[in-house]
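Positions annotated as domain 'CAP-Gly' by Swiss-Prot, on the basis of sequence analysis: 183-225. Residues annotated as N-acetylmethionine in Swiss-Prot, with a large-scale study or a structure entry given as evidence: MET1. As annotated by Swiss-Prot, phosphoserine applies to SER65, SER110, SER128. Marked as phosphotyrosine by Swiss-Prot: TYR98. Annotated N6-acetyllysine per Swiss-Prot: LYS219, in sequence order, evidence recorded as a large-scale study or a structure entry.
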Amino acid sequence: MEVTGVSAPTVTVFISSSLNTFRSEKRYSRSLTIAEFKCKLELLVGSPASCMELELYGVDDKFYSKLDQEDALLGSYPVDDGCRIHVIDHSGARLGEYEDVSRVEKYTISQEAYDQRQDTVRSFLKRSKLGRYNEEERAQQEAEAAQRLAEEKAQASSIPVGSRCEVRAAGQSPRRGTVMYVGLTDFKPGYWIGVRYDEPLGKNDGSVNGKRYFECQAKYGAFVKPAVVTVGDFPEEDYGLDEI
């Protein structure tokens, strides 16, 4: 069975900020760490990276989550084309302060003085041991992420669409159903197995965030990781849900 390809290496998002009233559409690499991503946002929004708080909103402009793990990759969050990332500034600057460029003081600074400052991108990266100051750790993280993705792909490739299965997820009783989808999704990174349960024990109807992956009744569909799925001869069980 063939599994769909990997996600695009870049993503196009809208950037908004508590310091201005406009939005910018930008494309970024999913392999950026959140710390590196903040550094790229500095010139765009006018807030120091160390004073940023990031919030992720979906294409429907509903809040998803905070991007608060400095060493996490941007692609590890459910960031899709059309999403919005909002920058909350904690530096004390006022709304609109950086929109009027005539009010911005222009000056030069020596290399030594710049190195001594504690509020620069360089000092932030040095303190956090990120970016080019910790290339070894970043390379290791990327290698580990690639290894996990390869392992998931191998597991997913052994789960045919249409096969009967049993799902044993942590904290849940075993659930039986039929495999309806295998591959990558838009809502979260990695490989996922779409299952149509025999009874309404799921969370959806085969669609997530408006995108349909397979057809089933409401509450019969679920997406789980390949590691918790076992395919085989699993006939339907009587869960007793029709009893009064």
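Including glycine, each Cβ sits where the backbone N, Cα and C put it.
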Tally of residues which DSSP labels helix, strand or coil - the domain 'CAP-Gly' (183-225): 0 helix, 18 strand, 25 coil
DSSP-derived class (H/G/I helix, E/B strand, else coil) of SER65 (phosphoserine): strand
